[in-house]
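Some notes on the structure that comes next.
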Amino acid sequence: MQARREIRTKPEQRGEEDAAAVAETPLSARWSPEAEIGMRVEDIWDSLDQPQLSRSDKLNSCFDAIPVSSFPQTFGSQLVDIPSDATLAEAVDILSRNRINGAPVRNVEAPEDSSWIDRYIGIVEFAGIAVWLLHQSETSAAALGADEVAAKLGTVTLDPELKPAAPASEAEGAVAEAFGSLPSSELFRKTKVKDISGSFRWAPFLALQSSDTFLTMLLLLSKYRMKSLPVVDIGEGTISNMVTQAAVVHMLAECVGLSWFEDWGTKTLAELGLPLMKTSRLVKVCEDDPALKAFRQMRRRGVGGIPVVDGAGKPVGSIMIKDVKHLLTASESTGHYRTLTAREFIASARQSSGEKQMSIITCRREDNMKEIILKLDAEKRQRIYVVDGEGNLDGLITLRDIIAKLVYEPPGYFGDFFNGVIPMPQNSRV
């Protein structure tokens, strides 16, 4: 599976100069498990004895020499999973209570002694559930609109090609009404997680083996758009770790001060070719638009978050696909969430749940990668928006973009391993 290049190394020599350098390293970078990984990368980085290697080649070589089994544990004593016979309502409750965005789906029909490949059938995420429910609400609204039009025209049936389009405001209202009724519907409370596995972006259970390398892990989390990767041992039936994009960025934040990180992290966004997305392609909603419109835009454009802008076009907040939990878990007293504007939705969510991540964090093109990583890690965010000198939106940077700038895929590295394995749209940035 891996096309490794041979690396010549010189004997490890760590004298008083190296000891002094380590002593100057921040305490957090010396004593955290993540920083231990950084020190291993440092050792390999210093030992490479091939002047012709570029910075990217050296980073690739470093990460290709460290096994995934070394990655720090990301969950406690027990992994949170979702049984395949759980309803959508139960799945949302499990994800909300544990404050996680996704979890592996455990096949309840698998024998007790089954291996991981038979025990788990995929990963369910808030994003997937939201997309499926929005699709159902739009389908229901469209059907309702067609029936009403047919009734007014006095017809029994109407050719799909000739159905008149409802005004935008009426269409939005119909979708809002249909979506608002879903959380209390039989569909939401009785549909099983396993029943919708083919109806939305079902994240495949693509597992890493403990012997795989960090390079494999980083490529899957960046170029191949995986949000999380379970780590398993061949023949075992359990997951030993769950590596996420956020966990990798946290590891990088703990490596500040190490020479290999500083060599890369002090480069500005412009020097690293970021942001990747052009401003003209950035999806956004106005603060007075219905909050539901933000989620519908995310579904249609395949993105995981969307900025909220004021009348002047300046960003004032952010709504993520995971924030759909406020709509799905709203009680009767807070059901008004489903009819609020984007601005009101953000304010209400903050007040009722202490949600702080709906504020927006920004950076400039002249900022360096280290500053971006530290800000994202401190705020526990998935994305940061680039603004110009006047505060106007100038781009977007996601965790995936950051990891993608750390490593590259060597020719033939994966071979045909992914043929038919990851059915994800090319423009997906969820």
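Our numbering is plain: 1 for the first residue shown, then up by one each step along the chain.
Just so you know, glycine gets a Cβ as well, placed from its N, Cα and C.
Where the annotation comes from TrEMBL, it is an automatic prediction and has not been curated.
Now, the feature entries from TrEMBL:
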type     : residues : note
COMPBIAS : 1-17     : compositional bias 'Basic and acidic residues'
DOMAIN   : 75-139   : domain 'CBS'
DOMAIN   : 277-334  : domain 'CBS'
DOMAIN   : 355-412  : domain 'CBS'
REGION   : 1-27     : region 'Disordered'
In the domain 'CBS' (277-334), how many residues does DSSP put in helix, strand and coil?
22 helix, 15 strand, 21 coil
For the domain 'CBS' (75-139), the mean pLDDT of the predicted model:
84
Tally of DSSP helical, extended and coil residues in the domain 'CBS' (75-139):
28 helix, 14 strand, 23 coil
Please list, for the domain 'CBS' (355-412), how many residues fall into helix, strand and coil according to DSSP.
17 helix, 14 strand, 27 coil
